[in-house]
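*Asks:* Can you read through this structure? Questions will come right after.
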Amino acid sequence: MTKHNEQEIDRRRTFAIISHPDAGKTTITEKLLLFGGAIQQAGEVRARKAARHATSDWMEMEKQRGISVTSSVMKFTYRNYEVNLLDTPGHNDFSEDTYRVLTAVDSALMVIDAVKGVESQTIKLLDVCRLRHTPIMTFVNKLDREGRDPFELIDEIEKVLKIQCAPMTWPIGMGKRFRGTYHLYTKELIIFDAEAERGTGSIVSLSGLDDPRLDEILGSQAAELRGDIELLEGAAHPFEEEAYLAGLQTPVFFGSAINTFGVQQLLDTFVENAPAPLPREAVTRTVSPYEEPFAAFAFKIQANMDPAHRDRIAFFRICSGKFTRGMKVRHVRLGREVAINNATIFMAQDRTHVDEAFPGDIIGIHNHGTIKIGDTFTMGEELKFTGIPNFAPEHFRKVRLLDPLKSKALEKGLTQLAEEGTTQVFRPLMGADWIVGAVGILQFDVVMHRLEHEYNVKATYEPAAYATARWVTGEKKKLEEFQKKEVMSCYIDGEGNLAYLASSQWRLDNTMDNWKDLQFHATREHS
């Protein structure tokens, strides 16, 4: 690989933001884009009811509800680093899609609400990051409101999320008494001013905590700060880059995203310390980003990003080599050679054609139904990247068509939406009712809305008497026997795999006991 290409890889930072709904993820996303020059004006959360909606929330239903339902990709440049930010669905129902986004990043930013502390969605997402040893930085948001004691928050993060905290900045007061933060490593006092552009009144470089200017600026709050820092030095962990990169320690910043305060300090540390593109595990070997041959995997399919064109785009994470427009690659699953002429990069709704891209970059490739989640593009090697699963759904609905003449359109719509991976579809071995399965119930609303607006299909749901699903594999003869005996509970999923839908956990356990020669899987790697 050329020196130039190596430098390009080292400049890349690819990450996602994880948080509980309403912790401020959309706001901090926009402020990062603002610093990166990718947008000129932040679509403030408070202005959501007006015509301007958050740049990263572009689907119609998201605009109506003020939540991020889809995951989009945004690219910006900051201090000569190329940053790829993958926006994850913020609503707690969208964990499956969020999980797959986390397979495509090298690090994550965790946003914690200073008022509410650690919440359930954050715990789930951090568990996913922990499986992959993903390095995590933390931003404690909403310091401009009356929140919880920062020591209490640090303690909660360590105990609940089981990760060491290394405070990088420390708040001076909060709510009405919020004066700013003190940077423990640069010894800078960052003054908060809600009226100032980007929330920062001034940054004062101090010789240390005994600098007399501290008292001049902060008055009685200077003594509070000195007391806090003294406590921290005894109790908190100092920042260790090795522990951070291993996913064992999280550097913690405090601020107020809506006021753009504290975001720059976070971003500076992020580009300097977050990992460049990391090696990726494939079935046969580990793939280094510095290898010459191109390799990439699809982690997301998004249909109808442009309502005018009814298109579908597959999002690919480049793992090695260099992408150039027009290059021919092997679509491994299909054993077919394809030329990529129309790859795009994203800035929320805006797309631009890409002439070249490097490991860590996310490119979008137009897709007419041939690309599936987990597919690999290579220069010929039979590679299959691991760790991009489907999860067994926990909620099920029967789909009833209101117009019987639309059955073909229904099949097309359900199949395409399932290929995006937020819901799964199951066709019965016996009977006509399609079943939609989802990890979270909000996805059913999304499917109904999109069937009507994108496929012109009106349908209703009826409850389906199922509680869980498992994919079933085993010897051909045994599978045939199983399908005969359990025909009313056997379905074929959107990729042609046999699935068993059970009405209760007891029923599933009982069936598994009766069919010990078969394997029942709660997750399934994309084929």
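Every residue gets a Cβ built from N, Cα and C, even glycine.
This is the feature table in Swiss-Prot:
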type	residues	note
BINDING	19-26, 87-91, 141-144	GTP binding site
DOMAIN	10-278	domain 'tr-type G'
*Asks:* Out of SER19, THR88, which has the highest number of nearby Cβ atoms, where nearby means within 10 Å of its Cβ, if these are the binding-site residues?
*Replies:* THR88
*Asks:* Within the domain 'tr-type G' (10-278) only, compute the mean pLDDT.
*Replies:* 86
*Asks:* Take the Cβ of ASP22 (GTP binding site) and count every other Cβ within 10 Å, whichever protein chain it belongs to.
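*Replies:* Taking every protein chain into account, the count is 17.
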*Asks:* Identify, in sequence order, the residues in the chain of LEU143 (GTP binding site) that are 6 or more apart from it along the sequence and have a CB within less than 8 Å of its CB; answer 'none' if there are none.
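*Replies:* The answer is ALA114, PRO171, MET174, PHE178, THR181, PHE254, GLY255, SER256, PHE261, GLY262.
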*Asks:* May I ask you to report the DSSP-based helix, strand or coil state of THR88 (GTP binding site)?
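*Replies:* The residue in question, THR88 (GTP binding site), is coil (DSSP, three-state).
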*Asks:* Could you tell me which three-state DSSP class LYS25 (GTP binding site) falls into?
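*Replies:* Going by the DSSP assignment, LYS25 (GTP binding site) falls within a helical segment, counted as helix.
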*Asks:* Have a look around LYS25 (GTP binding site) and count the other CB atoms within 10 A of its CB, chains all included.
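*Replies:* So the Cβ neighbour count for LYS25 (GTP binding site) comes to 27.
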